[in-house]
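All remarks here apply to the structure that follows.
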């Protein structure tokens with residue numbers, strides 16, 4: 001019997017006949033010793049059905065949708081809860097610090113979730129981590145929605161945020177490890193589409209409920225059906241075959257039983273289209289994992305040297321630049337930018353947010369369609385170049401062009417569009433691809449921690465910096481950082497299009 005309870009999940013898939021003794025040569029652990037087919041990118045054909053790929057993507061992606069929904073709903077919930085007539089509570093007269101705790105409570109919870117993921121991710125596995133995230137989403141939404149006082153509401157926000165941290169850590173890993181190589185980039189990028197879709201949904205539902213007494217309660221509770229669907233869906237889905245095989249080669253159970261379980265999971269994930277190639281694909285993954293030294297369990301010290309360090313630099317650098325090039329500030333202060341530009345009809349925060357959300361959806365959709373054709377680097381270089389132009393335009397508007405209101409609006413829309421072509425989807429895609437399998441759980445938790453930490457820092461620092469030096473200088477500063485990110489992408493970030501996850505480890509790190 002396999003030692004890990006995950007192995008029982010796919011037991012109903014049917015018996016798979018396996019050849020008896022299986023052995024992998026574990027003597028080669030250096031990249032230079034990798035077999036020639038791996039270095040040349042020659043690997044077995046991955047037969048799959050698009051239909052069978054939908055649910056293994058959809059249920060993890062709901063974790064992103066619920067994250068986006070929280071952003072959109074909270075922007076409306078804070079308006080509702082501060083209203084003397086519509087809040088439905090006696091403690092509506094909240095200070096700016098208390099409103100800040102409601103707004104950012106889930107963000108700080110996500111930081112806690114990222115720290116937890118560092119410790120528990122490799123033990124739980126991707127599937128169970130996503131089930132845990134769904135439970136936390138459900139509990140957090142209910143606690144927030146029925147909160148009798150401010151303290152309980154903040155606790156609910158933190159619980160929901162821990163779910164965000166776990167979901168945004170595990171979802172890209174599960175999707176990356178279970179997706180066919182041919183459409184991996186498209187599916188992981190589509191997760192960003194779901195985040196934006198959730199934001200638009202949150203803004204839309206929030207705008208419908210904002211004029212209802214205690215409408216903020218309904219806004220938060222409205223996410224519970226999706227959390228239930230996500231949890232049930234992840235319970236039904238099999239574990240990641242790559243995670244099972246990692247456990248196998250690290251000696252955490254019986255090799256044959258782990259291998260048989262991985263074959264069953266792969267058959268479920270690929271559908272009938274996989275035919276009789278599942279065993280060959282599992283053999284290939286095992287051989288590649290062994291050839292790059294995955295049989296050794298990662299140590300803390302090892303994470304910060306060699307190819308592990310390079311993966312951290314690539315992944316951590318991308319998500320850091322994703323935030324410190326101004327993305328949180330542009331999103332959270334979009335309404336005031338429109339208002340400052342003289343568009344009084346667009347001053348309503350909800351309408352502005354819906355407009356930007358729809359633009360983000362369109363541009364993310366374009367990125368999803370082309371990422372596996374054009375590659376990651378062209379989208380990053382092209383999109384970030386557009387962000388540089390837009391940031392300098394925004395800075396110039398506030399400093400020199402205050403009579404040219406259209407400049408600010410065009411620059412803002414250009415920034416949002418280019419971000420969604422580049423850092424938005426590609427940042428999450430790359431961090432799910434570049435980390436070696438045995439490092440992926442801990443490495444991604446560090447990257448997610450950097451992402452949410454930088455988001456919190458930029459969100460907090462924008463207003464004080466704006467008051468100190470002015471919005472123009474701040475946007476110029478973001479522009480300079482965006483130029484630095486272009487240099488980083490050009491010299492550091494590899495192209496991973498068309499490579500299996502094992503080939504990325506062998507060739508790019």
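Glycine residues also receive a Cβ, built from the backbone N, Cα and C atoms like all the rest.
Record features, source TrEMBL:
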COMPBIAS  1-10  compositional bias 'Polar residues'
REGION    1-21  region 'Disordered'
DOMAIN    56-497  domain 'Major facilitator superfamily (MFS) profile'
TRANSMEM  99-118  transmembrane segment
TRANSMEM  130-152  transmembrane segment
TRANSMEM  158-176  transmembrane segment
TRANSMEM  188-206  transmembrane segment
TRANSMEM  218-237  transmembrane segment
TRANSMEM  352-371  transmembrane segment
TRANSMEM  378-400  transmembrane segment
TRANSMEM  406-431  transmembrane segment
TRANSMEM  443-462  transmembrane segment
TRANSMEM  468-493  transmembrane segment
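It is 406-431 that, among the stretches 130-152, 218-237, 378-400, 406-431, forms the most Cβ pairs under 8 Å with the transmembrane segment (352-371). Counting only same-chain residues 6+ beyond the ends of the transmembrane segment (406-431), those with a CB under 8 A from a CB of the stretch are 172, 185, 188-193, 196, 314-315, 318-319, 321-322, 325-327, 330-331, 334, 337-338, 340-341, 343, 356, 359-360, 362-364, 366-368, 371, 376, 379-387, 389-391, 393-394, 396-398, 443-444, 447-448, 451, 493, 496. Between the transmembrane segment (443-462) and the transmembrane segment (158-176) there are 3 or more Cβ pairs closer than 8 Å, counting only residues 6 or more apart in sequence, so the two stretches are in contact.
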